[in-house]
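Features as listed in TrEMBL:
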REGION    1-27  region 'Disordered'
COMPBIAS  1-20  compositional bias 'Basic and acidic residues'
TRANSMEM  38-61  transmembrane segment
TRANSMEM  73-99  transmembrane segment
TRANSMEM  111-131  transmembrane segment
TRANSMEM  161-182  transmembrane segment
TRANSMEM  194-212  transmembrane segment
TRANSMEM  266-289  transmembrane segment
TRANSMEM  315-341  transmembrane segment
TRANSMEM  361-380  transmembrane segment
TRANSMEM  386-407  transmembrane segment
TRANSMEM  419-442  transmembrane segment
TRANSMEM  448-469  transmembrane segment
Amino acid sequence: MGEEGLKKRKGEDKGGEDRQSIQSHEPQTMNLQKQAKLFLFPLRATGICMIVGTIIGSGIFVSPKSVLANVEAVGPCLTVWAACGVLATLGALCFAELGTMITKSGGEYPYLMEAFGPIPAFLFSWTSLLVTKPSSFAIICLSFAEYASAPFYPGCDPPQAVIKCLAAAAIVVITIVNSLSVKLGSYLQNFLTAAKMIIVAIIILSGIVLLAQGKTANFKDSFKDSKISVSSISLAFYNGLWAYDGWNQLNYITEELKNPYRNLPLSIIIGIPLVTVCYVLINISYFTVMTSTELLQSQAVAVTFGDRVLYPASWIVPLFVVFSTLGSANGTCFTAGRLVYVAGREGHMLKVLSYISVKHLTPAPAIIFYGAIAIIYIIPGDINTLINYFSFAVWIFYGLTVLALIVMRFTRKELKRPIRIPIIIPVIVILVSILLVLAPIISAPELAYLYCILFILSGLIVYALFVHLKFTWAQKISEPMTMHLQMLLEVVPEEEVTE
């Protein structure tokens, strides 16, 4: 990077006195908080768009079959969808207290660091950076690719090579957009959220019209022949909660929110119940034109609904499903890139991952790293395998993070809590997370779960060698890599923020 550019940047920053750099060749540092503000609509609207846009993605179009298959009746199916929304809201309220108590980006990472120390926080970042976040990104983009390619292969499944190439292309485009500009990524998020809400509104309004016309036959004796057991309910929740995943995404950009004490909880309280109402109404709409058997036999539930209700304009459905999945993928990339950035800032990942682009003022190295790992998951993976792998790992840390909330009620009493939820709420979330982790192991044990646990625990070895002991040979390798990547990407460290 040229000296003139750095001097110019230095002159523009208020209070830009010299700070000691981590490396001798880094003459200037930058502050993400000063530049990455979300200026689109009023902040509440942007926060709600981020939650709704991230949650509503591919899940509502692929999970209804899986939820129904586990409970086998309309009544329990709708109950599970509503209960999943309640659980997501309770979990998000726990995260709202954490997010307003510890206003740092990175989601669960800073909360685990404050409550339990560096080792659990490192295991979370290790698992998230290499398993849960990129696999979620890959799942969403694979879903996008399936819907985008389906119209070109009527009557048969699209080739896997086509699906994987489209998914990889989507990852590349979204990664580039979010690396170039925070505002551009946020504008895209708001546009795609508006687009996906159009198809949601079309399906819901069509269902209401059909109900008004008397299409209620499939709701009679709605609990008859249902399959209710701890195992079946747990697995139904497993699939339903995948559709709700993203309820905690706003906590990943807490530092970039204006007035997070107000806007974070307000966005949660409005956004997640809105999604819950939409999901329940969408499922009701599905059942107005399909019996349980027909829904289970459908290859794409939303497309079948469109063919029966919107013909000859049924092409609208796959088009807007594509927008929906892209919006979810964009929101996931926007927030997960901040986790990589925070982990790098804490010294738990390569330091270059915490650097900020001089030209674009974004955590570009973190976002690029995240997209590259997601592309690797696309090559051998399929949607169902990735969902199982993702869900099992993510609920381990959801439960551990909510446990951190309870622990800090006793160990960090001095911290200000603008939001203080009743203690029963985190207790409920912890108990449900334990059930969700144990249910698949008990009902359908697979080696994949064992591999996932072993991978999480392998982070202890990495932590001991490269974070705790800090082997000199590792530093000798990483320092020149950091220097060259810094010059290639034109990035500098974040400046330290004095309290």
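Just so you know, glycine gets a Cβ as well, placed from its N, Cα and C.
Of the recorded ranges 73-99, 161-182, 194-212, 386-407, 419-442, the transmembrane segment (111-131) has the largest number of C-beta contacts under 8 angstroms with 386-407. Beyond its flanks by at least six residues, the transmembrane segment (419-442) meets 87, 90-91, 93-94, 96-97, 100-101, 230-231, 234-235, 237-238, 241, 261, 265, 388, 391-392, 395-396, 398-399, 402-403, 405-406, 409, 449 of its own chain at Cβ-Cβ distances under 8 Å. Beyond its flanks by at least six residues, the transmembrane segment (386-407) meets 91, 94-95, 97-98, 108, 111-112, 114-116, 120, 124, 127-128, 131-132, 135-136, 138-139, 142, 238-239, 241-242, 245, 248, 377, 423, 426-427, 429-430, 433-434, 436-437, 440, 446, 448-449, 452, 456 of its own chain at Cβ-Cβ distances under 8 Å.
Counting same-chain residues at least six beyond the ends of the transmembrane segment (194-212), those with a Cβ under 8 angstroms from any Cβ of the stretch are 52-53, 56-57, 278, 281-282, 284-286, 288-289, 302, 305, 309-310, 316-317, 320-321, 323-324, 327. Long-range Cβ contacts of the transmembrane segment (73-99) within its own chain (Cβ-Cβ under 8 Å, at least 6 residues beyond either end) map to 55, 64, 67, 107, 111, 218-219, 222-228, 233, 236-237, 240-241, 243-244, 247-248, 250-251, 254, 260, 264-265, 268-269, 272-273, 275-277, 279-280, 283-284, 287, 292, 398, 401-402, 404-405, 417, 419-421, 425-426, 428-429, 432.
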